[in-house]
Amino acid sequence: MCSVSGVLILNPKNFEKVELKLASILKKAEDRGRDSFGIVVIQKDGTVKVRKSIGKPSEKEELLYGILDEDSRVVIANNRAEPTTEYVRQKTEDDIQPFIGDRYIVTHNGIIANDLELEKKYELKRKTKIDSAILPLLLDKTWDGNLEALKGILEQIKGSFALVIGDKKNPDRIFLAQNFKPLYMAYDHSLESLFFTSLDEYFDAKPFDPVNITKLEPYSVVMVTSNKLITTLPIMEKRKKYRVLVVASGGLDSTVAATKLLREGHEVTLIHFNYHHKAEEKEREAVRKIAEYLQIPLLEINTDLFKIIGHATLIKGGGEIVKDRKGEEGAEFAHEWVPARNLIFFSVSLAIAEAYGYDAIASGINLEEAGAYPDNEMEFIRMLNKLSPYATGPNKRIEILMPVGNLVKHEIVKLGYEIGAPLHLTWSCYEGGQKHCGKCGPCYMRKMAFRINGLKDPVEYDEE
């Protein structure tokens, strides 16, 4: 495994400071690569300068300096931790990344499982058994430097990759590609140079440094040019209509979310968790009726996990639900917090989605409840989306959607009414009585939401 790094130098007069920053990045990247390191510089005329060594950059600092000059345009670099499956006892320069082809220079983090097949198919000849060495040879033979074509070539690779690629014929640009392996980009305004590496912490950017750091999108190919043009293409094309697994409680939010997705033309399946909570029976009854009404499939998951976790008043035997100020108190603070519930629900749903070929999972997470519950915050979903490529298998891209994520409760009711969501079948109450209690937080918000819209709430309450 490796750390891959690179630099696109926009102002060559800053080469000495660029070199200092690159050296710092390579030394910090030793935690991802301690066995060897290499630096390849592409000059403005397409010639290259090379420094390679076994060991750590911090132990061979003299090799990190004096390689750049005013004619340097692109730097491709690597720190390598040698996998057990590719151990080479007597290493030569041919065994050390970056690997250099007739036209392309490549640094690679990941594993290429079908390197032998590619070598045979394209009649390539490596000088080392290292799998990454196949890449510049493959690109030399099959790639014309077009970004769209690069995407097609990478689709042939079985395994994992984050790539930084230099082109001797075009020293004014750098290419990047990744599936689930990480890549970060940082533009240093003071150095007028664009740096790339495997982890953002290697940039060592302070809060007031003139540096913009961006994480590159998983499953993408990118071209960056010296005139600050960035072109990005997805490796995996998104379908216009998704198969979506909607985490559904039987309440207003998830019901409106599911209906909205359905009206947009997506193929929707509900997934409901029976987790030994007080309203379990009423929610199960509601979600079954909702699935039948919408004529969509329903998956039910039974779990005692939260009974074991305990410490939540929402669980049966967990204590009294807060009903102060007619429910307003419960609407404003997470008294009924269930430890990590939504994260667990999403994790199980993500696994099922991956196993059964769904494109996305969704829920009724919304802006209103984000005020009280951390796992209803839009940022929670944004972070899950960033995590998803690393929690699912290679070439399995599952999005997490929030159809009502930017809405508050009365807006959700309004939307549900307009799109014909079965609001009359929903169950919102934390209790599991014959009617909604009318005094818990969800009951309070529900009543207020219908009242604001001038609509009659179709459910009955014990207390109005």
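Each residue, glycine too, has its Cβ placed from N, Cα and C.
These features come from Swiss-Prot:
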- 2-227: domain 'Glutamine amidotransferase type-2' (DOMAIN)
- C2: active site, for GATase activity (ACT_SITE)
- A248, S249, G250, G251, L252, D253, S254, T255, V256, A257, A258: ATP binding site (BINDING)
- C429, C437, C440, C443: Zn(2+) binding site (BINDING)
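Feature map: annotations from Swiss-Prot on the structure.
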{"residue": "A248", "record": "ATP binding site", "Cβ within 10 Å": "29"}
{"residue": "G250", "record": "ATP binding site", "Cβ within 10 Å": "23"}
{"residue": "L252", "record": "ATP binding site", "Cβ within 10 Å": "26"}
{"residue": "S254", "record": "ATP binding site", "Cβ within 10 Å": "26"}
{"residue": "V256", "record": "ATP binding site", "Cβ within 10 Å": "28"}
{"residue": "A258", "record": "ATP binding site", "Cβ within 10 Å": "29"}
{"residue": "C429", "record": "Zn(2+) binding site", "Cβ within 10 Å": "26"}
{"residue": "C437", "record": "Zn(2+) binding site", "Cβ within 10 Å": "19"}
{"residue": "C440", "record": "Zn(2+) binding site", "Cβ within 10 Å": "27"}
{"residue": "C443", "record": "Zn(2+) binding site", "Cβ within 10 Å": "28"}
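Every protein chain shown contributes to the tally, and the Cβ of the residue listed as 'active site, for GATase activity' ends up with 26 other Cβ atoms within 10 Å. Taking the Cα of C2 (active site, for GATase activity) as the reference point, the closest of the binding-site residues G250, A258, C429 is A258. Each residue contributes its Cα atom, and for S254 (ATP binding site) and C429 (Zn(2+) binding site) those atoms are 14 Å apart. With respect to C443 (Zn(2+) binding site), the closest of these binding-site residues in Cα terms is L252, chosen from A248, G250, L252, V256, A258.
Residues V246, I290, G364, T426 surround the recorded ATP site, their Cβ atoms falling within 8 Å of the Cβ centroid of A248, S249, G250, G251, L252, D253, S254, T255, V256, A257, A258, which are themselves excluded.
Computed over the domain 'Glutamine amidotransferase type-2' (2-227), the whole-number mean pLDDT of the model equals 94. Each residue contributes its Cα atom, and for V256 (ATP binding site) and C440 (Zn(2+) binding site) those atoms are 21 Å apart. Listed binding-site residues near A258 (ATP binding site): none (candidates C429, C437, C440; Cα-Cα distance within 10 Å). Cα separation, C437 (Zn(2+) binding site) to L252 (ATP binding site), rounded: 16 Å.
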